[in-house]
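K.L.:
Quick one: the structure is below, and I'll ask about it shortly.
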Amino acid sequence: MEFSSRARLRHARLAGDRREQYPHSLQFYLEPPMESISLVEFESFAVDRLKLLKVIENLGVSHVRGTDVYKAKLEAELRKLKFPYRALAEDDYEARRKDHISHFILRLAYCQSEDLRRWFLQQEMDLFRYRFNELTESLMQKFLEHVNLSFEAIGEDVKNELANELSTSTPGFTLAKVKEQMFYKVGLADAVDLFRARKVFIKDGFAYVPFKEIDVIVLNNYRTKLSKALALTARSLPSIQSDERLQPLLNHLSHSYVGPDYSVQKNTGKISLEQIDALSVKSFPLCMRQLHRALRDSHHLRHGGRMQYGLFLKGIGLTLEQALEFWKKEFIRGKVDADKFDKGYAYSIRHSYGKEGKRTDYTPYSCMKIIMSNPPSQGDYHGCPFRHSDPELLKQKLQSYKISPSGITQVLELVKGMHYQLACQKFFELTHDIDDIGFSLNHPNQYFTESQKLLNGGRELKKEFNNSGNFQQKNNSQESINSSSTPTSSNAKADTELEGLEAYFTED
Ligand code: SF4
């Protein structure tokens, strides 16, 4: 009895501590987590948050934010990944802890460049907006107090006095509605956006903000804090980069891909070299179609292009023998003679098939990897055309592929908004004449597989991908690792090995 009451007390204390640590289901992430966590947990939290942010990116483009369908889909994802999905009354400590820790891990990974910071900020803002708007009025109030953003609600007497001005200066507010709604007196600096959009009444240096617009102010505040925090984190990167356990993981995260790795080939050898030209037109994503065209035209591709295209071809089923034949035939039509090819280039192709060096069986690059790393320079054809091409050139290319003017406008709009994979999805829809792609595009080989499925009624080239661990990369002599995708501790090794391969392949 004694024992059980003590245990209960301890349990109650623990629950109290936990509640104290995360009193709200959402936060501004002002304090970094101080506890120690295992690398396994580190990786799995980070990957889950990345999955969540990717879903948020997709939802933000395919649905109007805040609509019922947007909210339902986001809630389902939050539940699935075990993040806090609404202000739960019960103790959801584990979900809040995961939310807190995973945010800080991705902050580290995504502070490393302007592009990454912008992407991260956008998705985190959308997530925050959704969560904040899901709070009840009293929880909002509590949260605002907690983050020192409690604004003074004006009294009935002031509201009555200003009723006419509030009604005329606040769009959509009749006198009756002014009476119903709570208004807050907010310093002008906090309400700049509302002021600029002429959505609020201003008097004596204060904006009178209706309750329904308070989220704009909270979001602005959060955006400012998070952008500053990202800039500060970027400054402290050198010390993090010296940590040899963390650095490879963080690097991987920022290029991370969270789907199948396209390394397990049921259809290896089912493609003939003669089919490649036709397939490149029908089923290759733009990045690979561009590489294929450049190779056929100039009988050569520089290092980055050979890596990106070679691994893609391997992913769609080219055997090592076919790859050697394919590259050799093309290169010897240009300036490389057969001897030079056999001595230099052939080695690196065998290497990428795991037949040389450390015998790592390399996986094709994901979109994230292509978009985020190694941008092409003059004379290169690798990279993602949606990310790396000049919009005017991209437009011309799309025109040459007979995409309709309205289709081109849609693609270019997505590119402008930096939604490169979504632009590619749109390209898929336009070239396959379908309204909804029905999947979230993350990998050039996924594009190819889905295209083939669609064109052939799901029959031809249907592969059985290894979805279990998602990121397995075969190594002839060691455990499974993956280089192109989710960060696992062994990714670090794969990355180093990939660099090793690239070193072999530096010849232009
Ligand atoms: Fe290639 Fe991915 Fe870019 Fe599409 S989004 S062109 S598949 S890298």
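Cβ atoms are placed via backbone N, Cα and C, with glycine included.
Residues or ranges marked as [4Fe-4S] cluster binding site in TrEMBL: C287, C367, C384, C424. The feature compositional bias 'Low complexity' is assigned by TrEMBL to 475-491. Under the heading domain 'DNA primase large subunit C-terminal', TrEMBL lists 278-448. Annotated region 'Disordered' per TrEMBL: 464-499, in sequence order.
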K.L.:
Looking at Cβ-Cβ distances, which residues of the chain lie under 8 angstroms from C424 ([4Fe-4S] cluster binding site) while being 6 or more apart from it?
P.N.:
P285, L286, C367, C384, F386, L441, Y447
K.L.:
Starting from the Cβ centroid of C287, C367, C384, C424, the recorded [4Fe-4S] cluster site, name every other residue in that chain with its Cβ within 8 Å, sequence order please.
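P.N.:
Going along the sequence, the neighbours come out as P285, L286, I370, I371, P385, F386, R387, Y420, Q421, P444.
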K.L.:
Only counting partners 6 or more residues apart, tell me which same-chain residues put their Cβ under 8 Å from the Cβ of C287 ([4Fe-4S] cluster binding site).
P.N.:
Q308, I370, H382, G383, C384, P385, P444
K.L.:
With every protein chain in view, what's the tally of Cβ atoms within 10 Å of the Cβ of C384 ([4Fe-4S] cluster binding site), excluding that atom itself?
P.N.:
26
K.L.:
Using a 10 Å radius around its CB, how many other CB atoms surround C367 ([4Fe-4S] cluster binding site)?
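P.N.:
That number is 24.
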